[in-house]
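Enquirer: Got a structure for you, questions after.
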Amino acid sequence: MRHDGRQHDELRPITFDLDFITHPEGSVLITAGNTKVICNASVEDRVPPFLRGGGKGWITAEYSMLPRATNQRTIRESSKGKVSGRTMEIQRLIGRALRAVVDLEKLGERTIWIDCDVIQADGGTRTASITGAFLAMAIAIGKLVKSGVIKTSPVTDYLAAISVGMDKEEGLLLDLNYEEDSAAEVDMNIIMTGSGRFVELQGTGEEATFSREDLNGLLSLAEKGIQTLIQKQKEVLGETLPELK
């Protein structure tokens, strides 16, 4: 039994608060245990210079964390004058993941900006950002379809992400909080589609190694968790993506 009472294969309580911010075309507050991330999607009628005239759209992301989202205050990156390597990695990860489930030609020459702002962090902020960002993006795209800006939705599949890890005492664990992540011998972030295909795997042994059997167990655990997350996404989106039922 984990310190928070969960079973090894149990997700933290998760909720999606849609339309959390008024102004963006899509907005979601995702809460996973004590981790809370605001995910906003904004539509811009232009694309980066390298895509102009090509008829394709673009999806990109920015990620940040409030100074007191963590136990100790962290200095805002804007005050430092540069984005950290960790932030850059997470931003690119979110953008790559979302582009994997969107037909950019159907989106047309427009950009969807995803802003993920962590307001409280207790592990799994990047995976929560991806899961929430997909919902915000889907809502924004649904509005484009409903208003006739685009004819059909370019979203090709659902998308969610989760963390898994291996603890010396507890074994394989799903959806690690900060304490578990800090103590894990192995931790992984897994991104998958609704049809069960992998988008990205990030795995590291923390002063430890793991076997092929361990890897298979971690992937199976992640798949179970992601299926649950995607089912919850479907429930809250309702008729936004009817073609993906």
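Easy rule for this one: first residue shown is 1, then count along the chain.
Yeah, the Cβs are placed from backbone N, Cα and C, and that goes for glycine too.
Not my notes, these are from Swiss-Prot:
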- ARG86, GLY124, THR125, ARG126: phosphate binding site (BINDING)
Enquirer: Which are the residues of the chain, ARG86, GLY124, THR125, ARG126 excluded, whose CB is within 8 A of where the CB atoms of the phosphate site average out, their centroid?
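Expert: Other same-chain residues near the phosphate site: ILE90, VAL118, ALA121, GLY123, THR127, ALA128, SER129, ASN189.
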Enquirer: Looking at the binding-site residues ARG86, ARG126, which sits with the largest number of other Cβ atoms within 10 Å of its Cβ?
Expert: ARG126
Enquirer: Based on Cβ atoms within 10 Å, give me the single least packed residue among the binding-site residues GLY124, THR125.
Expert: THR125
Enquirer: Check THR125 (phosphate binding site) against DSSP and tell me helix, strand or coil, would you?
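Expert: In three-state terms, THR125 (phosphate binding site) counts as helix.
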